[in-house]
Amino acid sequence: MSLPRRFAAKIVGQAIALFARFITAVRADWRGIEPVNKQRVYFANHVSNADMPMIWSCMPPNIRRDVRPVAAADYWLKNKLRAFVGPEVFNCVLVDRRPEARDENHDPMQNILDALDDGSSLIIFPEGNRNMTEDPLLPFKSGLFNMGKARPDVDLVPTWIANVTAIMPKGEVIPLPLICTVTFGEPIHVEDGETKDAFLARASNALVDLAPSREDRL
Amino acid sequence: MTSTSSDILGLFFAVCGLMFTLTLFGEVLSARGGEDNPVVETFKTRLRSWWGMVILFTLALIAGKVGIIVLFAFASFAALREFLTLTNKRQADHLALALGFFVVLPLQYLFVGLDWQALYTVFIPVYAFLMLPVVSALRGNSDRFLIRVAETQWALMIAVFCMSHVPALLMIDVAGYPADRGVLLIAFLVMVVQFGDLLDFFFGRRIGKTRIIPNLSAKTWEGMACGVASAAIIGGLLAWMTPFGIGGAVAMAALASTAGMFGNLVFAAIKADRGVKDWSHLIPGQGGFTDQLDSVIFAAPIFYHVTHLIWG
C-alpha cells in the first residue's frame with residue numbers, strides 16, 4: 001500500500017470512528033476483559049452492516065491497530081470504494097463465502113489462521129449472516145470452533161452489540177442517534193475433548209448472557 | 001461594558017470563588033482520611049463536572065442569546081438520546097423518532113429563538129403530540145402502540161419541551177426589567193436549583209433520617225427541607241438578578257427547588273423501572289446529561305409560567 005493511500009485510510013478510519021461516536025455515542029463495556037492489546041478473537045452478534053464499524057470504533061487505538069475484521073469478499077470487493085474501505089481502512093481479512101470458490105487454492109480458514117499467526121486479533125460474526133429473526137442469535141457456523149481448536153492459546157471473547165437494530169433497521173435511510181453499547185465478556189476456549197456442538201452452544205450462551213435484560217423483556 | 005455584562009462577569013467570579021472554596025473543602029475532606037469515603041468521592045466528582053458546566057455556561061452567557069439557545073439545544077439532543085435509548089419502539093416508529101430528533105427538536109429551539117411564544121408553548125404538546133403517532137400508525141404495526149407513542153411523547157416533553165423553557169426565559173418581558181438581563185434570570189434558575197440539590201445531598205447525608213421513597217432514592221425529607229431552605233436563602237441573595245424583588249426571589253427559588261427535587265424523584269422511578277442506575281455514561285463518573293439536569297428540566301416550565309403569570 002502506498003504512503004498516500006495509507007494516510008488516506010487512516011484519515012477515513014478516524015472519520016468513521018468520530019462519526020460513530022457522534023451519532024450513537026458508542027461505548028465499550030469491558031465487563032470480562034481489560035482494554036489491553038492482547039491477541040483475541042472477538043466474536044459478535046450480527047444484525048446490521050453497522051455492527052463491525054461500531055465494534056471497531058469503540059476500541060481504543062492501540063487495540064484497533066492490530067484488529068482485523070473477518071468479512072465477506074463478495075461484499076467488500078463489490079466496488080472501488082468498498083475495496084478501499086474494507087481491506088485498507090478496516091484492514092479486513094476477506095473470505096469468499098461461495099462454496100465453489102472453496103476448492104480452488106482458497107481455503108477461508110487458512111486466511112484466518114494466517115492472520116492469527118501474524119499476531120493480529122480478529123472480529124468475527126459466527127452466525128455467518130445478519131440475523132433478521134426475532135431470536136437473539138442464529139446457530140453458529142463451525143468457523144469459531146475450528147479456529148479455537150487450531151489456535152487454542154488465543155482468547156475467544158464474546159462481544160455483544162446492543163441497539164444497532166433500533167439505530168438503523170434494515171431498509172431505513174436515516175440513522176437514529178441512540179446510544180449503542182458494545183459489551184465484551186469473559187474469554188472462552190475450546191476445552192480438551194469438547195465436541196463442536198457443545199462448544200458452539202457454550203459460545204452462543206456466553207454471548208447471549210451479555211445482552212441487556214431489557215431487550216428480552218419485550 | 002453594559003451593566004448586564006459586568007454583572008455576568010461579577011457573577012462568574014463569585015461562582016468561581018465559591019466553587020474554589022468547595023473544591024478546597026473537598027480536598028480537605030479527602031486529606032482528613034476521607035479518601036475512600038464514597039460520599040466525599042461523589043462530592044468531588046460532582047464538583048468536577050460542575051466546573052465544566054460553569055465554564056460552558058459562562059461562555060454561552062457571554063455569547064448571548066444565540067449561545068444560550070445552541071447550548072440548550074445540544075443539551076436537549078443529548079437528553080433525548082438518553083431517554084429514547086430506553087423507551088419501547090419498533091421499526092414502525094423509526095420515521096417518527098427521526099422526526100423527533102431532526103425536525104421537532106431544532107424547530108422548537110428555532111421558535112424559542114424567534115420568540116414565537118404562541119408556537120413554542122404548544123408545538124410539542126399539540127402538534128408533535130398529534131402528528132408523530134400518525135406517522136407511526138401509518139406504518140401499520142399496532143404492537144404495544146399506545147406504550148410506544150406515549151413513551152416517545154414523554155421523551156419529547158421532558159428532553160425538548162421542558163428543557164427549552166430554560167432559554168425561553170430570555171424572552172420574558174417584565175416591565176422595568178431590561179430585556180438583556182434574561183440571561184441572568186437563567187443563571188438564577190440554574191443556580192438556585194443546582195445549589196439546592198447540592199445542599200440537599202450534603203444535609204441528607206448528615207442529618208437525613210426519613211427517606212421519601214425507600215428503596216428508590218436516597219433523598220430524605222430532612223435533606224430536602226434543608227436544600228429548599230438553602231435554595232430560598234440563595235435566591236434572596238441573588239434577588240438583584242431577577243425582576244422579582246427579595247420576597248419574590250425567595251419564593252421563586254423555593255418553588256423551583258421544590259419542583260426540581262420532586263422531578264429528581266420522578267426520574268429515579270423511571271430509571272428503576274428501566275433497570276438502569278444512570279441515564280448514560282456521557283459525563284464521566286456522573287452518568288448522563290439527564291442525571292445532571294433532571295431537576296432543572298422539571299423546574300424550568302413551572303418557573304417560566306409562574307414568572308409570566310405574576311410578573312409578565
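Glycine is no exception: its Cβ is also placed from the backbone N, Cα and C atoms.
Here is what TrEMBL says about this protein:
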TRANSMEM  B:50-80  transmembrane segment
TRANSMEM  B:92-112  transmembrane segment
TRANSMEM  B:118-138  transmembrane segment
TRANSMEM  B:154-177  transmembrane segment
TRANSMEM  B:183-203  transmembrane segment
TRANSMEM  B:224-242  transmembrane segment
TRANSMEM  B:248-270  transmembrane segment
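Listed as Cβ neighbours of the transmembrane segment (B:224-242) (distance under 8 Å, sequence separation of 6 or more from its ends, same chain) are residues 7, 11, 181, 184-185, 187-188, 191-193, 195-201, 203-204, 207, 212, 248-254, 256-258, 261. Proximity of distant same-chain residues to the transmembrane segment (B:183-203), defined by a Cβ-Cβ separation under 8 Å and at least 6 residues beyond the stretch ends, is recorded for 4, 7-8, 11, 15, 42-43, 46, 50, 57, 61, 64-65, 68, 166-167, 169-170, 172, 219, 222-224, 226-228, 230-231, 234-235, 238, 241-243, 249, 252-253, 256-257, 260-261, 264, 295-296, 299-300, 303, 307. The list of residues near the transmembrane segment (B:50-80) in space but at least 6 beyond its ends in sequence, with Cβ under 8 angstroms from a Cβ of it, reads 5, 8, 12, 15-16, 19, 23, 100-101, 105-106, 108-109, 112-113, 155-156, 158-160, 163-164, 166-167, 170, 182-183, 186-187, 190, 194, 279, 282-283, 288-290, 292-293, 297.
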